[in-house]
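Asker: Before I ask anything, here is the structure I am working with.
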Amino acid sequence: MAKQKFERTKPHVNVGTIGHVDHGKTTSTAAITLVLSKAGGAVAQAFDQIDKAPEERERGITISTSHVEYETANRHYAHVDCPGHADYVKNMITGAAQMDGAILVVSAADGPMPQTREHILLARQVGVPYIVVWLNKADMVDDPELMELVEMEIRELLSEYEFPGDDIPIIPGSGLKALQCGCGSRDCEWCGKIWNLMDAVDSYIPTPERATDKPFLMPVEDVFTITGRGTVATGRVERGVIKVGDEIEIVGLTEAPRKTVCTGVEMFRKLLDQAQAGDNIGALLRGVDRKDIERGQVLAKTGSIKPHTKFTGEVFVLSKEEGGRHTPFFNNYRPQFYFRTTDVTGVVTLPEGTEMVMPGDRVTITCEIISPIAMEEGLRFAIREGGRTVGAGVVVSIIE
């Protein structure tokens, strides 16, 4: 019997299954929960429980995603699985489900297919740092040479997208066979393969750096003046820790960042000596005038982030049914880019040979925005027209 409550003492890691349609992502997810449930590390979830993924909205975009959780001896995992290919594209681009690592499911019987390639490309573009391969349906392949061939193909494909193809663990097995058996034993022919997979995930995907250990950053949501005390910027601390007396910078919307010192931290009308990632705070800033800071800028640890105006982005364009545009857009399209808390107008350059982009498409674009924004690779944004979301994107590389 699984413990009702997960102990939160173990390090937490976010993973997800990716891969071509019908290669067995959901079946394998169900098999992981069943096998681990035998060791008290999960509540077994049936295929159809996972498959009927609830719809969620992220940045105005509807995505169907299933979340399961489980634990191994060393870690607690949150695992996402999506029913449809479009859901994966949207999920990865919006960052609705940030992945510290992915389990790439490839059918041994079919080898890599078009969506296998697309998901690897997406993982590279949106910054999924590690991939472990589950070579599913291994029960359907009798020829060891064929298995070897498929494995080579997968390694080449991973290397092509700058993943370390030669080092990535590839674990053969069968989600379906493990589900049908369900004994959960490490010695079992099929359940043991699921344990092999989890051991690889445990050892190959590193524990991510916690948000509090990263350099301080807080998007400015609002600014006001407290008579006799100075200017206060409010917002939710995105990462890191801010202590009273820290030197920080105001970054974005101006050419050069502006240095200041945080002279007070307030939360729920109480004064604190520090705040950390996740806290909603007001930060009192020394020598900053009300007009020197505005929504859309960020407060950040000095030197940790710079303002930029030109970047490439991986973008998903909403379909008409999702409330997006009804018509395609062309080169020099000028929407607003919504970064963190503000809209900035920009101009879009399409890749060579792309005439236009249809609603529902995924595309890599180059953008130039009219005001600099504190930006780094992996930053998510929405594309809007007059306040209506028509696309979602992620910064892939910064040009200037």
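Heads up, the Cβ atoms here are built off N, Cα and C, so glycines get one too.
This is the feature table in Swiss-Prot:
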DOMAIN    10-209  domain 'tr-type G'
REGION    19-26  region 'G1'
BINDING   19-26, 81-85, 136-139  GTP binding site
BINDING   Thr26  Mg(2+) binding site
REGION    60-64  region 'G2'
REGION    81-84  region 'G3'
REGION    136-139  region 'G4'
Asker: Around the Cβ of Lys25 (GTP binding site), how many other Cβ atoms lie within 10 Å? Please give the count over every shown protein chain.
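Answerer: So the number of other Cβ atoms within 10 Å of Lys25 (GTP binding site) is 26.
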Asker: Enumerate same-chain residues with a sequence separation of six or more from Gly19 (GTP binding site) and a Cβ-Cβ distance below 8 A; give 'none' if the list is empty.
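Answerer: Gly19 (GTP binding site) has long-range Cβ partners Lys25, Leu104, Val105, Val106, Gln115, Thr116, His119.
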Asker: Using a Cβ-Cβ cut-off under 8 angstroms and a sequence gap of six or more, which residues of the chain neighbour His85 (GTP binding site)?
Answerer: Val21, Gln115, Glu118
Asker: Within a 10 Å radius of its Cβ, which of these binding-site residues (Cys82, Ala138) has the fewest neighbouring Cβ atoms?
Answerer: Ala138
Asker: Near the residue listed as 'Mg(2+) binding site', which residues of its own chain have a C-beta under 8 A away, given they sit six or more steps off in sequence?
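Answerer: Those within reach of the residue listed as 'Mg(2+) binding site', by Cβ under 8 Å and sequence separation of 6 or more, are Thr17, Phe47, Ile50, Asp51, Ser66, Asp81, Pro83.
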Asker: Helix, strand or coil: which one is Gly19 (GTP binding site) in, per DSSP?
Answerer: strand
Asker: Using a Cβ cut-off under 8 Å, which residues of the same chain at least 6 positions beyond either end of the region 'G1' (19-26) come close to it?
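Answerer: Distant Cβ neighbours of the region 'G1' (19-26) are 47, 50-51, 66, 81, 83-85, 104-107, 110, 112-116, 119, 136-137, 175-176.
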Asker: Under a criterion of Cβ-Cβ distance under 8 Å and sequence separation of at least 6, what residues of the same chain contact Asp22 (GTP binding site)?
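Answerer: In sequence order, the residues whose Cβ lies under 8 Å from that of Asp22 (GTP binding site) (at least 6 apart) are Ser107.
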